[in-house]
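Only one structure is covered here, and it is reproduced in the block below.
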Amino acid sequence: MTKNFRFEKDSMGQIKVPSEALWGAQTQRSIINFSIGEELIPIELIYSLTVIKRAAAISNFKLGLINNVKKDLIIEACTEILDGKHDSQFPLKIWQTGSGTQTNMNINEVISNIAALKTNSGLGSHHPIHPNDDVNKSQSTNDTFPAAIQISVVTQIIKKLVPSIKELTKVLDSKSNKWKDLIKIGRTHFQDAVPISLGQEVSAWSKQLKDAEDALIISLNELCFLPLGGTAVGTGINCPKDFSKESIKSISEYTGLFFYKSKNHFSLMASHDRLAQVMGQIKILASALFKISNDIKILSSGPRSGIYELIIPKNEPGSSIMPGKVNPTQCEALSMVCTQVMGFEYAVSIANASGTLQMNEYKPLIGFNILTSIKLLNHAISNFRLKLVEGIQPNPKTIKANLENSLMLVTALVPKIGYEKAAEIANLAFNESINLKEATIKLGYLTANEFEDAINTNKMI
């Protein structure tokens with residue numbers, strides 16, 4: 001037994017810890033007490049907490065609270081974690097304490113034990129770096145964990161999600177420009193409407209995504225104000241003056257992003273309105289993508305019995321029973337991701353509303369849902385672009401046939417003959433299965449030349 005385990009001690013006594021594990025007693029207790037699901041704390045959140053620990057060590061050294069040796073050992077340990085060398089040492093689930101305390105201690109213990117290995121002091125010795133007294137100095141989970149969520153969300157959106165959106169809109173803009181002169185029938189209420197160019201139709205998708213991106217970036221502004229330094233309840237107990245300012249400066253330098261000290265720590269620890277707001281903008285992005293994917297599904301329906309104005313890439317067989325079938329699978333995958341994100345947003349809203357007094361006790365759930373949404377959308381958008389949008393092509397023959405066969409071209413006659421006569425033409429054409437020109441001449445409202453001059457689709461867009 002002693003071969004596979006070592007004994008570590010915390011304020012509750014001794015506990016067995018796997019002999020090679022870099023975590024300690026409090027992490028092990030969490031593993032035992034919260035055997036729920038498989039959803040781990042996102043590694044991006046672990047890294048952001050590690051950035052905070054690194055910044056805290058620098059600040060504590062500058063303020064004379066730890067010596068140079070301890071500072072360097074903590075920084076070295078943080079560097080190894082941020083390089084991805086110890087990802088397996090963070091095994092905790094999101095289903096734990098609502099403050100994230102066990103994850104904060106998980107990081108504190110791992111940093112302590114990395115330092116112990118470097119100095120041949122033995123795992124679990126808490127020497128020369130103590131997880132609480134050194135790594136966690138001047139901090140509380142209650143200010144570091146929400147700050148880490150904010151840092152990781154801002155970082156992942158700016159460095160991962162926004163570039164994916166930009167790449168997709170770039171491709172859509174290219175398609176829009178290429179198809180600007182390809183006139184097709186527009187549709188409202190799933191019924192024929194007046195003409196529009198395919199380029200104009202695609203431009204709507206691009207603009208919708210650009211607007212969602214802009215709103216998302218704007219929502220990050222308030223998220224850059226961190227509650228670091230508020231410690232337990234926002235008052236800053238046990239946190240020296242200038243610690244927050246110095247730490248946030250180090251965080252900004254390390255991440256290359258601008259973060260600032262919050263003017264009111266209490267609000268950012270008791271509630272997470274700003275995170276909920278960002279999640280709301282992520283949901284709006286998801287709703288835009290959902291709409292675009294549905295449009296493409298409709299326009300590519302067929303190939304013989306649907307609209308079939310767009311031809312999607314043939315990526316894989318679509319059916320196990322129907323040979324030759326090609327399905328809009330990328331649209332379906334993206335739609336499912338968007339559906340999940342919308343559900344996550346609802347959970348974040350409830351979680352944000354459910355905090356009590358000086359603490360919101362749903363932090364791991366909020367962090368997980370937002371970061372998972374960012375990751376899912378990032379991957380789904382890239383896949384959607386590469387496997388569908390870049391290869392999508394128009395079907396000019398079907399587009400032309402649908403346009404010429406539409407009764408709604410009669411709208412162009414309204415300025416010449418009025419609404420009622422135009423409606424009469426459309427009804428006659430439909431009832432007798434003739435075209436608009438034939439119906440117009442039959443009713444004697446216009447000559448053939450007058451009709452041709454009025455029904456010029458190039459003038460309708």
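Glycine too: its Cβ is placed from the backbone N, Cα and C atoms.
As the structure is a computational prediction, the values presented were derived from the model and not from experiment.
Sequence annotations record features per position, and here Swiss-Prot assigns substrate binding site to 99-101, 130-133, 140-142, THR188, SER320, 325-327 based on sequence analysis. A 10 Å cutoff on Cβ-Cβ distances gives LYS325 (substrate binding site) a total of 11 other Cβ atoms nearby, all chains included. In the three-state DSSP scheme, LYS325 (substrate binding site) is classed as coil.
When secondary structure is read from DSSP and collapsed to three states, HIS189 (active site, proton donor/acceptor) falls in the coil class. Here Swiss-Prot flags HIS189 as active site, proton donor/acceptor.
What Swiss-Prot lists as active site is SER319, and the listing cites sequence analysis. Sequence-distant neighbours of SER319 (active site) (same chain, six or more apart, CB under 8 Å from its CB) are LYS325, ASN327, listed in sequence order.
DSSP assigns GLU332 (site 'Important for catalytic activity') to a helical segment in the three-state reduction. Within 10 Å of the C-beta of GLU332 (site 'Important for catalytic activity') there are 12 other C-beta atoms, taking all protein chains into account. The site 'Important for catalytic activity' annotation in Swiss-Prot covers GLU332.
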Mapped DSSP class for ASP133 (substrate binding site), helix or strand or coil:
helix
Return the residues near HIS189 (active site, proton donor/acceptor) by Cβ distance under 8 Å, restricted to its own chain and a separation of at least 6 in sequence.
none
To the nearest Å, how far is the Cα of PRO131 (substrate binding site) from the Cα of GLU332 (site 'Important for catalytic activity')?
47
Cβ atoms near SER99 (substrate binding site) (within 10 Å, other residues, all chains):
20
How would DSSP class THR141 (substrate binding site) in three states?
helix
